[in-house]
Amino acid sequence: HSVFFLSLFYPCLFFYSSQFLKENMTILVEQIPFDAKNVHSENNTKELVLDAGFHQPQNDSQNSLFLTPEINAFGHTFRNYDEESERQKGVEEFYRSQHINQTYDFVKKMREEYKKLNKAEMSIWECCELLNDVVDESDPDLDEPQIQHLLQSAEAIRKDYPNEDWLHLTALIHDLGKILLLPKFGELPQWAVVGDTFPVGCAFDESNVHHKYFMDNPDVKNSAYNTKNGIYKEGCGLDNVMMSWGHDDYMCLVAEENGATLPKAGLFIIRYHSFYPLHKENAYTHLMNEQDFENLKWLHVFNKYDLYSKSKVLVDVEEVKPYYLSLIEKYFPAKLRW
């Protein structure tokens with residue numbers, strides 16, 4: 001606003017300020033400084049080239065630029081797991097249960113069970129509507145119904161990346177796996193559905209939130225699982241890594257098994273958007289391959305909108321519904337097995 005006010009008197013200043021914002025907008029997307037040996041890009045230009053020539057566009061609209069807020073809907077900093085409050089105590093208890101119970105054997109059992117996709121048959125939008133009664137107890141930033149978070153994320157991305165419709169749809173569906181909390185889909189406990197995700201079958205990195213509770217996880221005492229690489233080989237690729245079971249892995253499984261035509265980057269976002277130890281703390285990169293590093297660039301873009309678009313300002317569902325229905329029709333079959 002101050003730049004706009006000064007522009008009334010200093011047109012030149014406004015022109016150069018606008019140009020600066022346009023040319024440097026991508027600096028608002030947090031980039032983790034990987035070791036030079038692990039960065040698989042040919043240059044350091046602002047435009048990222050992904051998925052074998054797939055371009056990440058620069059945003060040319062100053063007015064639609066998504067600005068990262070400093071506080072969440074509760075007036076606290078985002079992902080603050082130390083704030084003294086009743087909600088924070090509940091979040092910590094959630095992670096205690098999650099870290100103790102998410103073992104390699106448990107995840108293997110869940111993947112085998114849910115890969116059957118025999119719980120229901122419905123459309124993507126029908127699934128969106130099911131989330132109206134779901135609240136994520138692991139999230140210290142939000143207590144609104146999940147459908148609102150999906151639309152807030154999608155609409156924020158849509159403004160800044162109007163031509164990347166696959167990314168709008170990815171934002172809309174990224175949390176649909178939380179239906180696992182509902183009776184029809186097994187009514188799994190919160191710790192088996194939501195929260196930060198992490199690999200199982202190898203040592204639990206200290207960057208995991210509330211890491212201390214892993215000490216009671218049986219895998220910590222298993223020599224096959226408690227080393228840095230565990231059962232994996234360095235650079236094996238995340239597709240070959242067993243992640244803690246939850247809505248991320250489930251929704252990616254549903255999309256792949258039902259023949260969704262989203263780009264690989266979209267599926268990567270869905271499966272790893274809760275993998276905060278990776279995309280916020282740069283942990284577990286020793287397990288990644290070249291394609292993972294390329295897709296991670298898009299996950300960094302997405303993560304800003306997923307985390308910071310959480311708001312008490314609600315989206316008019318009926319107003320935006322026709323647009324998202326058109327995207328669902330483009331990338332998904334009419335009915336999916338869940």
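Think of each number as a place in line: the chain as shown, counted from 1.
Glycine is treated like the rest: Cβ placed from N, Cα and C.
Computed from a predicted structure; not experimentally measured.
Counting only residues at least six positions away in the same chain, the Cβ atoms of His174, Asp248, Leu299, Phe302, Asn303, Asp306 sit under 8 Å from the Cβ of His273 (Fe cation binding site). For Arg79, Asp136, Glu137, Ser138, Lys178, Gly195, Asp196, His273, Ser274, the entry in TrEMBL reads substrate binding site.
If you look up TrEMBL, you'll see His149, His174, Asp175, His247, His273, Asp306 marked as Fe cation binding site. Taking Cβ-Cβ distances under 8 Å and a sequence gap of 6 or more within the same chain, the neighbours of Asp175 (Fe cation binding site) are Leu131, Gln146, His149, Leu150, His247, Met251.
Residues annotated as signal peptide in TrEMBL: 1-20.
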For His247 (Fe cation binding site), the number of other Cβ atoms found within 10 Å of its own Cβ
27
Same chain, not part of His149, His174, Asp175, His247, His273, Asp306: whose C-beta falls within 8 angstroms of the C-beta centre of the Fe cation site? Give them in sequence order.
Leu150, Ser153, Ala171, Lys178, Asp248, Ile270, Ser274
